[in-house]
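Taken from TrEMBL, the feature signal peptide covers 1-28. Feature annotation from TrEMBL assigns ATP binding site to GLY113, TRP114, ALA115, GLY116, THR117, GLY118, LYS119, ASN120. Residues or ranges marked as domain 'Torsin-1A C-terminal' in TrEMBL: 283-339.
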Amino acid sequence: MSGAMWRAASLGRGVTLGLLLTVHAVAAVEPITVGIAIGAASALTGYLSYKDLYCRFAECCREEQRLNASALKLELEEKLFGQHLATEVILKALTGFKNNKNPKKPLTLSLHGWAGTGKNFVSQIVAENLHSKGLKSNFVHLFVSTLHFPHEQQIKLYQDQLQGWIRGNVSACASSVFIFDEMDKLHPGVIDAIKPFLDYYEQVDGVSYRKAIFIFLSNAGGDLITKIALDFWRAGRKREDIQLKDLEPVLSVGVFNNKHSGLWHSGLIDRNLIDYFIPFLPLEYRHVKMCIRAEMRARGSVIDEDIVTRVAEEMTFFPKSEKIYSDKGCKTVQSRLDFH
């Protein structure tokens, strides 16, 4: 190569690197500038498409990206304790839905159980396996009833806002994920605003919602789940023998008739638009110890079984006579571990 050609090639590489650094610097600020910089860099490099290069520096909605079912399965089995039903149903539901290139409706999951049993944790795992940034993703949307819909007098306003938020976000990314936390504190009627989006329509006002995912998190039904789990325990049957068919019908009827479920007399249940009611079983002493060990590992601490036992024994269990289930699940493990 001649000296002139070498200098020209070096200049080209330098300009390309400069443009890519520019992209990196402005990616989170100004999409149009990002587009111009990437376009120029693509022209110089000649081998990366605009979209490929853009998505290296800014989050993209990858609607056709397949779910890594093996990774999700491993994460659920290693990090979610005492919830064989939730692990099985969520894995099957998500895998089937994501493998279907033409779903007839959005996937809608309703997770039920007492606080500390893993509902929020699972929603975080699901979000991270669908969009790499998880709950921080632009395509994952978390609604908290007491924060976003606090006033009973403003139900009509909330319904209109909710429809607008969902319509806008699904228009931007068809595979958006919507998580509704504290459903049991949601005023009756609010959630029915999204009924048209969950139904078997090809489009609603020109927008298809069929590839979106909706997840409801609720404490409602926790008493029903505990009763059945306790019946199994008292009959000498293993908790792993509990099947979805033992709980799902009871849950759907129970939350439909519960004024404090957020789904009281809801058209979502009446029209069978919720695909799965997923029970989270109350956690036993052994599960609490698993949570403590997991938290110690997450902190980089050596597992000290004496500390594990002491923290577990500080928790309170019910019923009073048998003391089988932790009344707060694993919810207070982190704060209690701070004292040891």
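Every residue gets a Cβ built from N, Cα and C, even glycine.
Note: LYS119 (ATP binding site) has non-local neighbours LEU111, HIS112, GLY113, LEU217, SER218, PHE280, i.e. same-chain residues 6+ apart with C-beta under 8 A of its own C-beta. Most Cβ neighbours within 10 Å, among the binding-site residues TRP114, ALA115, GLY118: GLY118 holds that distinction in the structure as shown. Excluding GLY113, TRP114, ALA115, GLY116, THR117, GLY118, LYS119, ASN120, which define the ATP site, the same chain contributes PHE121, ASN219, PHE280, GLY329, LYS331 within 8 Å (Cβ to the Cβ centroid), listed in sequence order. Sequence-distant neighbours of ASN120 (ATP binding site) (same chain, 6+ residues apart, CB-CB distance under 8 A): ASP181, LEU217. Around GLY113 (ATP binding site), a 10 Å sphere centred on its CB holds 29 further CB atoms from the protein chains shown. Each residue in the domain 'Torsin-1A C-terminal' (283-339) has a pLDDT score, and their mean in this model is 95.
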